[in-house]
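For A:Tyr15, A:Gly42, A:Lys109, A:Tyr132, A:Asn186, A:Asn291, A:Arg387, the entry in TrEMBL reads substrate binding site. Taken from TrEMBL, the feature domain 'Aminotransferase class I/classII large' covers A:35-404. Taken from TrEMBL, the feature pyridoxal 5'-phosphate binding site applies to A:Tyr72, A:Ala108, A:Lys109, A:Tyr132, A:Asn186, A:Tyr217, A:Ser245, A:Phe246, A:Ser247, A:Arg256, A:Asn291. Among the features that TrEMBL reports, N6-(pyridoxal phosphate)lysine is placed at A:Lys248.
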Protein chains: 2
Amino acid sequence: MALINENYLKLPGNYLFSEIARRVEQFKAEHPKADMIRLGIGDVTRPLPGAVIEAMKKAVDEMGRPETFRGYGPEQGYDFLAKKIIENDLTPRGIEAAVDEVFVSDGAKSDTANFQELFGLNNIFAVTDPVYPVYVDSNVMAGRTGVHKDGKFDRVVYLPCTEENGMKPALPSARVDMIYLCFPNNPTGMTLSREELKKWVDHARENRSIILFDAAYEAFIREDGVPHSIFEIEGAREVAVEFRSFSKTAGFTGTRCAYTIVPKEVKVYDAKGEGYSLNSLWLRRQTTKFNGVSYPVQAAAAAVYSEEGKKQVKELIDYYMENARIIREGLRKAGYKVFGGVNAPYIWMKTPDQLSSWDFFDRLMRTANVVGTPGAGFGANGEGYFRLTAFGTRENTIEALERIATKM
Amino acid sequence: MALINENYLKLPGNYLFSEIARRVEQFKAEHPKADMIRLGIGDVTRPLPGAVIEAMKKAVDEMGRPETFRGYGPEQGYDFLAKKIIENDLTPRGIEAAVDEVFVSDGAKSDTANFQELFGLNNIFAVTDPVYPVYVDSNVMAGRTGVHKDGKFDRVVYLPCTEENGMKPALPSARVDMIYLCFPNNPTGMTLSREELKKWVDHARENRSIILFDAAYEAFIREDGVPHSIFEIEGAREVAVEFRSFSKTAGFTGTRCAYTIVPKEVKVYDAKGEGYSLNSLWLRRQTTKFNGVSYPVQAAAAAVYSEEGKKQVKELIDYYMENARIIREGLRKAGYKVFGGVNAPYIWMKTPDQLSSWDFFDRLMRTANVVGTPGAGFGANGEGYFRLTAFGTRENTIEALERIATKM
């Protein structure tokens, strides 16, 4: 008799975004004429840059001719893309990385979800609270947690990000072996300074733990002194892996390309204390369970680094960050307490009148016809908060803030 | 201290294709003028069909305009592709499937490797021997096996495919909960008849086990009476999941698209015997750990089902199957015992003079400068066999067989 992976039964039934969709559908059914503006989900709205389109079409044409056709590529991605990544994203920031330390994939979601496979089930992992749910859920499915109770899983170390600590988590006091950090943060939009991040790297080095660093939003950093990569911190190559993505920077959410940097120095240990290279293990994982990213998609990603591509991507990011400014300043002017939105496309606001995050969701939808994301969906400490994103159109963003200012 | 997933340490170090590459490189270094022909790896060589190229470029253009741009798609694939799959691949063969039973993915390799996650670690799985290594290795990594010894893993039920049983595995005598079957088979190229496959479905129904059916090569079936899908068998919707791919049929090895059919009736059980829908579990897995296939790739796959596309794909398959005929008949004429190649792009030959499969590899490379795949790489029962593939160019295929006939 085929038996279920019972860890799946620990997952709570209701997903955040399907519950949002359900409430929106119901409201629209009751108010068919309401002009809804969605600033909830973290999906981009601007088209792919022209340089990317041209490169991708050229690559598709290559696939149609016998002399330039490409079959299976390397599971870890083509060298031509890894080299461009290193030359443009890493070297200019003083980060050293070899071509075989860059693993191209179909998404940071897949990579952050799959990477935990390399670790034993007896590791203890830490996440910030609030947090991007994939880190936790993928570990639940693997069996690295206990049961779910009162919004938390047993055997998980939650690191609260609160108004009191400025949304910056404190170092864990108990033992942790794997630490998920995402900065600029989803959902709070907040960042760590170089000094703050260094404390994490030092802590990991002392404890031989590993930092799984999600840098998917690094391109939105506007301020100096905010590290774009954990590898800007001394010693990070010994203890960190970094996930990056073309999704939000170059509009690849529907095109699918990302990469993960796994330095050869990072080690995991067996029961006897012998170390094994995470880089070799991830290569083994990817060659066994993945078959590489579509060639035209990799060619498209490489075009992000052309002169034209870089200019166009910068325009995209400027566009979204102007939206972020409009939301942040608009909310503040309307009297709300706001985090993020300076170095990130996310704005994390405190709900007024001590409303629960779902109650504020309903009020905002009913009064202003604006849809956002209730903070409670990101963890217990997200309760009382609300996320808006800068990925809408300019017109909708302005109109949404106008409604919040006048109607709420 | 971060601990390794010690199951990874059970994997033997040497990979089949890297050892082949090593030997070929060494030979080429010693014989720089040798004109090598590769009929080893299962990768296609013909370009993508014209209809696919056109559709993909059109979809890329859509991604460049704000009004047609697409961000995140459904993790399980777009309905437009699932509908075409059902209309063209399933309905004409009398197979019922709903749109939400078809899960589009980036490859049958990913799906066959990831699907085992839904099952408890205490399940016993069976594989044929020889076998596509991904089924076994993904289960080893998950911890569903014991150690590796004498070419086999503990706790795995191997079903020998031998000359005596005509490469058709017998039903397992011991308990098994998960059964991997691949027909037309990689590497043997052999198929099961409807009656033979029915025995497996009946066996699974009696034991509430689940058949993980890999139908990646169904498009190469030429003979009547050979099922293209396990769902042509009565009762299979209760016990089977089927993996399919655009890789070999439409030349998508470098473009990446596949799909998996998970009927809503298939159930896995908890310790108390309560059943859970595999379809819901796979949806939960994919929505948590995957972000869907690139939109232009899905649009390209849909074009496989256009009138033009179908004609072009048929030409592709005819081309490869003519290669298969040339290899099969050429080998037979040269006195070799041959399996497969009638309903599959793989030809499985017995090595002559009781040579080991690696010894024959060396002899074929040195004498005829032809590279194939040693059967031992597919399992203990692959020893004494050798795989050639029909995916080369016509010219190379003819030349390779000419050399085998005259030089060996």
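Heads up, the Cβ atoms here are built off N, Cα and C, so glycines get one too.
The binding-site residues close to A:Tyr72 (pyridoxal 5'-phosphate binding site), defined as a CA atom within 10 A of its CA, are A:Asn291 out of A:Tyr15, A:Gly42, A:Tyr132, A:Asn291, A:Arg387.
Proximity to chain B, defined as a C-beta distance under 8 Å, is registered for the following recorded positions out of A:Tyr72, A:Lys109, A:Asn186, A:Ser245, A:Lys248, A:Asn291: A:Tyr72, A:Lys109, A:Asn291.
For the pair A:Tyr132 (substrate binding site) and A:Ser245 (pyridoxal 5'-phosphate binding site), the Cα-Cα distance reads 15 Å. Taking only the Cα positions, the spacing between A:Asn186 (substrate binding site) and A:Ser247 (pyridoxal 5'-phosphate binding site) is 14 angstrom. The binding-site residues recorded for this entry are A:Tyr15, A:Gly42, A:Lys109, A:Asn291, A:Arg387, and the Cα of A:Gly42 lies nearest to that of A:Lys248 (N6-(pyridoxal phosphate)lysine). The binding-site residues listed here are A:Tyr15, A:Tyr72, A:Tyr132; among them, A:Tyr132 has the most other Cβ atoms within 10 Å of its own Cβ. The average pLDDT computed over the domain 'Aminotransferase class I/classII large' (A:35-404) stands at 97.
Take A:Tyr72, A:Ala108, A:Lys109, A:Tyr132, A:Asn186, A:Tyr217, A:Ser245, A:Phe246, A:Ser247, A:Arg256, A:Asn291, the residues named in the record as contacts for pyridoxal 5'-phosphate: the widest Cα to Cα gap among them comes to 34 Å. The full span of the recorded substrate binding residues, A:Tyr15, A:Gly42, A:Lys109, A:Tyr132, A:Asn186, A:Asn291, A:Arg387, taken as their largest Cα to Cα distance, is 35 Å.
Rounded to a whole number, the C-alpha distance linking A:Ser245 (pyridoxal 5'-phosphate binding site) with A:Lys109 (substrate binding site) is 9 angstrom. In the three-state DSSP assignment, the secondary structure recorded for A:Gly42 (substrate binding site) is coil.
Of the recorded residues, A:Gly42 (substrate binding site) and A:Ser247 (pyridoxal 5'-phosphate binding site) place their C-alpha atoms 10 Å from one another.
Here A:Arg387 (substrate binding site) is positioned 19 angstrom away from A:Ser247 (pyridoxal 5'-phosphate binding site), judged by their C-alpha atoms. In the three-state DSSP assignment, the secondary structure recorded for A:Ser245 (pyridoxal 5'-phosphate binding site) is strand. According to DSSP, A:Arg387 (substrate binding site) sits within a strand segment.
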